[in-house]
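Trainee: According to TrEMBL, the feature domain 'CFAP47-like immunoglobulin-like' maps to 14-51.
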């Protein structure tokens, strides 16, 4: 949380500040801004901070045939200097046809990061399915929208003259 005076003129009756807050994962917290005057006087301003779910960091698209699975792998490094324990999961409202491995471990900060594999195994025809993959450390959250679909059918071409 960073407070930046909106103006250099701190004359009464008002004081304007810009508040910059850029959390790396969803969080709810209570905070207070305390303004003290050199000649005496102190004012407390309570505030509630709420960082909800973020927009997806990326979209992963996977196509698989019925009753078969298809997988896509990617590497993700930890943003901090050190490795960090993580959990990876699909949100409860995500279809069960999506899977991620590993579901927990240590997210490497160097050497290319940790390899994640997302699998899609459709069990019925229909519209494209969407799930939300979350990879979570103590300090950071990554959100991926995973879209599962069926391959585009291309009928065989005949090379014999008709």
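Placement of Cβ uses the backbone N, Cα and C atoms for every residue, glycine included.
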Trainee: Taking all residues of the domain 'CFAP47-like immunoglobulin-like' (14-51) together, what is their mean pLDDT?
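Mentor: So the average pLDDT across the domain 'CFAP47-like immunoglobulin-like' (14-51) works out to 80.
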Trainee: Taking helix as H, G and I and strand as E and B in DSSP, count the residues of the domain 'CFAP47-like immunoglobulin-like' (14-51) in helix, strand and coil.
Mentor: 0 helix, 24 strand, 14 coil
